[in-house]
Amino acid sequence: MKDNQEQAAPIVYWRIDEWFPDLSPDLRTRLKTYHEELLKFNRTLNLISAKTVFVADALHFADSIMASQAIMKSNPSLDKIYDLGSGNGFPGMIFALLYPKVQVVLVEFDQKKCEFLNHVAGVLKLSNVTVENRTIESFPDGSMKYVMARGLANISKSIMMTRKVVPKGGVFYHLKSEEWGIEVGDIPTQLCSVWAPSLVGEYKLPIGAIKFSVVKTDKIA
């Protein structure tokens, strides 16, 4: 009876090959390797929520692929970008895999998560990735022209955190849900005189009906 009572282990999906056939076989293999390393280290580091483990291919990988493509399409001359609060490597590690000519700096305060990021960058042989184990505020003023973040904070808090490190003319790309307009509406008036928000792109994941968005804030003063 024991065998009948035991429930089958949930399936951990991997559908990137099916969803993104335009990506090269080598790139899809490296994405799968990243997925395997993520699940292995997640047992001790809590890199992603347990609820998302089985559909990480959609909620983390596909989301980061589509967001990265939207960012690059809007700014094809991009040559360096900072991923703030990188933690599990989304979207920065994915961005680096997709665009090997772009230098990607993963900024993370947690040392153990930085060790994970360095490990993955090494396994994937990503020479365009640098991991910085430090706070955002510790970077020199005006040193980050292009930055992005996924799950760091709401837009208001994110631009407050980077008000010194992002120079005039710099851009912050925020990965958000379809309710991004609420966050934009909550930006204090004094910040709106310094940062100009706009929508870069919207997309739906290969599963589900929820829209995801990339919103940018241009630093205008």
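Quick reminder: no glycine exception, Cβ is built from N, Cα and C everywhere.
Feature annotation from Swiss-Prot assigns S-adenosyl-L-methionine binding site to G85, F90, I136, E137, R150; the stated evidence is sequence analysis.
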For F90 (S-adenosyl-L-methionine binding site): intrachain residues, at least 6 apart, with Cβ closer than 8 Å: H60, F61, D63, S64, R150
Max pairwise CA distance, angstrom, over record-listed S-adenosyl-L-methionine binders G85, F90, I136, E137, R150: 21
Intrachain C-beta neighbours of G85 (S-adenosyl-L-methionine binding site), sequence separation six or more, cut-off 8 angstroms: V107, E108, F109, I136, A149, G151, L152
R150 (S-adenosyl-L-methionine binding site): secondary structure state under DSSP, collapsed to three categories: strand
For G85 (S-adenosyl-L-methionine binding site), the three-state class that DSSP assigns: coil
For F90 (S-adenosyl-L-methionine binding site), the three-state class that DSSP assigns: coil
Which listed residue (I136, E137, R150) has most other Cβ within 10 Å, given these are binding-site residues: R150
